[in-house]
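Colleague: Residues or ranges marked as coiled coil in Swiss-Prot: 457-538. The compositional bias 'Basic and acidic residues' annotation in Swiss-Prot covers 340-355, 364-375. The compositional bias 'Polar residues' feature in Swiss-Prot is assigned to 439-457. The feature region 'Disordered' is assigned by Swiss-Prot to 332-457. Feature annotation from Swiss-Prot assigns repeat 'ANK 1' to 135-167; the stated evidence is sequence analysis. The repeat 'ANK 2' feature in Swiss-Prot is assigned to 168-200; the stated evidence is sequence analysis. Here Swiss-Prot flags 201-233 as repeat 'ANK 3', drawing on sequence analysis. As annotated by Swiss-Prot, repeat 'ANK 4' applies to 234-266. Annotation source Swiss-Prot lists repeat 'ANK 5' at 267-299, citing sequence analysis.
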Amino acid sequence: MVAEVCSMPAASAVKKPFDLRSKMGKWCHHRFPCCRGSGTSNVGTSGDHDDSFMKTLRSKMGKWCCHCFPCCRGSGKSNVGTWGDYDDSAFMEPRYHVRREDLDKLHRAAWWGKVPRKDLIVMLRDTDMNKRDKQKRTALHLASANGNSEVVQLLLDRRCQLNVLDNKKRTALIKAVQCQEDECVLMLLEHGADGNIQDEYGNTALHYAIYNEDKLMAKALLLYGADIESKNKCGLTPLLLGVHEQKQEVVKFLIKKKANLNALDRYGRTALILAVCCGSASIVNLLLEQNVDVSSQDLSGQTAREYAVSSHHHVICELLSDYKEKQMLKISSENSNPEQDLKLTSEEESQRLKVSENSQPEKMSQEPEINKDCDREVEEEIKKHGSNPVGLPENLTNGASAGNGDDGLIPQRKSRKPENQQFPDTENEEYHSDEQNDTQKQLSEEQNTGISQDEILTNKQKQIEVAEKEMNSELSLSHKKEEDLLRENSMLREEIAKLRLELDETKHQNQLRENKILEEIESVKEKLLKTIQLNEEALTKTSI
C-alpha cells in the first residue's frame, strides 16, 4: 500500500485536486482548502456535499486519495453501511521508518544486513542483542521487517527474545508477516514465536496475513497454532476482516478451515451483513452456499436484506430472495412427509376395526334377549287364563265357541304360536345378512390394513436404506476431510522443507562469498605489504 503511494511523483499529488475541480464543485471547496477561490462550481446552490459522490470519488481515486487527503480517509477509517466505521490505519504503513542517527551499530547492521558475519558476532558479544531503540524495536524487529534472514538466523541461534513488543505492541513475527517476509516468518515460527499476540489495534499475525491475501503464511500460522477466531478491537475475526476487505480467496480458505460464519463484530454484524454492506455479491453467494443465517440482526435491528435494499444492491437482493425461497421449499417438504401420512391412516383404520369388533357382539346379545322377553309374556298369560276360562275377554270366548267344541284357549294358542314363530324367522334372516355384511367388511378392512402395513414396511425399509446411504456418505466425507487435512499438512511441511533448503543454499552461497571476500582481503593485504617493502627498499637504496 505504501509502495503505491510512494511511487507517485510529488507533482502529481498537487495537481490531482485541481484536475478534479470541475467535477467536484463545492464538495471540493468544502473538503480541500487548496481548491477554494477557484470560482468553478458545478454543484447546486445549496453547497452541501454528497456522500454518494464521495464514495464514487473514493472508488475512482482509490488509495491515493485516502493517503493524500485525510478528509477522504475519514481519519484512517473506511465506511461500511450507514453506521459503524472501521479503523484501517493499522494496515497503512507496514514497514518501519528508520533514521540512521536513531540506531546504534547492532540495529544498523540488523536493518541494512550488509555486515560480515564475523563483525556481527563481535557486535553481539560486545552489546546486548535484546537492546531497544527509541521506538522499542530490537535488532530482531528490524531484521525481520526488512527481510534480513541471515541476521534473523544469527539472533535466533543466540537465543534472543522472540516476543518482545515495539511501541505499537508488535512482535518480530507480526512485522515479518506484515512486510511479507516469508523466510523470516518460517524461521520465527520454527523457533517458537507466539502467533496469537495482539498489537495495539488487536490484530494478530493472522489478521495481517489475511489482509495481505498471503494464504501460505496463513496456512503456516494455523499450522503452528494461530487462533482462527481471534478478534481485534473492531471485533473483526480474520474471516470478518477478509469479508470487509473483499478478499474472496482468503475468505474461501478460511471457510475451508472451519472459521465461524456466525461470528459478530462490535456492531453485531455477521459476515453476511458485512458482505452486503460492502456490496460484494460474490462473497454473499459464497456465504449463502454455507447455509448461513439470513435473518440475523445487528445492534441497529437491521438484517442483510434491509441493508441490500437501502444500498440498492439489486443483485444481492435477488440472491437473498432466491435463498429464502429455497429454504421455504425445504421446510414445506420436510413438514409434508408422505410416510407420516401413511402411518396416520393405518392407525385410524386399526382403531375403526377395534370399534366395529366391539359393537358386533352387543348386537348379537341384544336380539336373543328380545325373543326371550316375548316368550315369557306369552307363558305368563297362559298361566293366568288356563284354569279360569270365565275371565277371558269377549273376543276370546267367541273364538272358543266357534272353534269346533274345543277350549277357547287352544285355538288362541294355536293361532299365537305361528305368529310368534314368524317374527324370529325374519329376524334371523336379517341377522344372518347383517352378519355376512359385517364379515365382508372385516375381510375388506383386514385386506386394506394388510396392504397399508406392507406399504409401511416397504417405506421403513426404504428409510433404513436411505439412512445407511447417508451414514456411508458421511463416513466417506469425513474420511475425505481427514485425507485432505493430512495432504494439506504434508504440503505445508514440504513447503517448509523447501524453504529450509533454499535458506541452507543461500547460507552456503553467502558463506562462500564471505570466504572469497576474506581471501581477496588477505591477498590485497599481502600485495600491500609487498609494495610497502619494495617502497622501503627503494627508499633505502636512494638514501644510500
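Glycine is treated like the rest: Cβ placed from N, Cα and C.
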Colleague: What else in the chain is close to the repeat 'ANK 2' (168-200), if you only count residues 6 or more beyond its ends and a Cβ gap under 8 Å?
Modeller: 90, 94-96, 138, 140-141, 143-149, 152-153, 156, 162, 206, 208-209, 212, 214, 216-217, 220-221, 224-227, 230, 232, 496, 499-500, 502-503
Colleague: May I have the DSSP-based helix, strand and coil counts for the residues of the repeat 'ANK 5' (267-299)?
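Modeller: Taking the repeat 'ANK 5' (267-299) as a whole: 16 helix, 0 strand, 17 coil.
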Colleague: Please work out the mean pLDDT for the residues of the repeat 'ANK 5' (267-299).
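Modeller: A mean pLDDT of 91 is what the predicted model shows over the repeat 'ANK 5' (267-299).
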Colleague: List the helix, strand and coil residue totals of the repeat 'ANK 4' (234-266) as derived from DSSP.
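Modeller: Reading the DSSP string over the repeat 'ANK 4' (234-266) gives 16 helix, 0 strand, 17 coil.
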Colleague: Just to be sure I understand, if DSSP states are collapsed into helix, strand and coil, how many residues of the repeat 'ANK 2' (168-200) fall in each?
Modeller: 16 helix, 0 strand, 17 coil
Colleague: Across the repeat 'ANK 3' (201-233), what are the DSSP residue counts per state (helix, strand, coil)?
Modeller: 16 helix, 0 strand, 17 coil
